[in-house]
Amino acid sequence: MAPGVSNEKKREDEQSSRENSIHLCNPHLEKMKEDILYHFALGTGTHDFPALFGDVKFVCVGGSPSRMKAFIAYIAEELGLGSSGGDYPNICAGTDRYAMYKVGPVLSVSHGMGIPSISIMLHELIKLLYHAKCSNITIIRIGTSGGIGLEPGSVVITRQSVDATFKPQFEQVVLGKTIIRSTNLDEELAKELLQCSKEINQFNTVIGNTMCTLDFYEGQGRLDGAICLYNEEEKLQYLKEAYDSGVRNIEMESSVFAAMCNLSGVRAAVVCVTLLNRLEGDQISSSHDILVEYQQRPQKLVGYFIKKSLGKV
């Protein structure tokens, strides 16, 4: 190949890489000599981020540290990068806030419960990926949820995250002013994941809206919390209105997850299994073994997606 053509292709490749790299909406970071990711116990002055994380292409996040450790063990075996029962050290062992595990191009991170907890984690995760010079990243939240009008064990791939009034938005107060951010998720990625589920053909999977609430009890219309000032008829009317608006499940992290990934230019998806049908009750009554099997469904789907993306299916 002629030198001119080679140089031109190199410039195109570099441009493509920049277009698919992490975008930070914070000009102040460029002025900092060191960036300390306090809740990860990592920092640019103490760790070589490109060496540690530069090859990451897939990031999976979920609430529980033990679940994310189980996921990294699962994906390591699926990709042929580890053996059954292998040990995977917690990269964030210097803190008890979050847990992080890595194998090959896959990073697995816990985010705790609720919008505040996942928001803190995402700020530091996005900066980590930026400092590591990662590109073409896909971030997927895997978790559990309450279903609406679905059989327990169904998996929901989120089209939009909506708030408790069914609007596709995340509302945050910044410097005393209310900021509204979009919560749409990558449509093509959702379709790819749905196709993967059809190929697996092991459990029911749908694409639908996910309602993200600020708490587990009153915010989700439950009747079994310590405080409840509405009746069952009002609760069912609200959940049916949610269903009619396209909502198929309820959880507590998807809105800020979608908003922050959108702002950072990251392809993202939310994949949650439903543990119960909220139109039929509020308490999770399935046996431990059934719940364990349900919780494995999102990781099976995402694991298959990663394998397929890497040409290993």
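Backbone N, Cα and C define each Cβ position, glycine as well.
Long-range Cβ neighbours of R97 (phosphate binding site) (same chain, at least 6 residues apart, Cβ-Cβ under 8 Å): H39, F40, G112, I120. Per TrEMBL, phosphate binding site is recorded for R97, R141, I142, G143, T144.
Summarising the annotation, TrEMBL assigns substrate binding site to Q220, R222.
For 7-21, the entry in TrEMBL reads compositional bias 'Basic and acidic residues'.
Annotation comment: TrEMBL describes 57-306 as domain 'Nucleoside phosphorylase'.
Summarising the annotation, TrEMBL assigns region 'Disordered' to 1-21.
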Fill in the blank from the handout: Averaged over the domain 'Nucleoside phosphorylase' (57-306), the pLDDT of the predicted model comes to 96
Fill in the blank from the handout: Of R141, I142, G143, T144, the binding-site residues lying within 10 angstroms (C-alpha) of R222 (substrate binding site) are none
Problem - Whole-number Å value for how far Q220 (substrate binding site) lies from R141 (phosphate binding site) (Cα to Cα) - result: 20
Handout entry: Sparsest Cβ surroundings (other CB atoms within 10 Å) among the binding-site residues R141, I142, G143, R222
Key = R222
Problem - Distance from Q220 (substrate binding site) back to G143 (phosphate binding site), taken between C-alpha atoms, in Å - result: 17
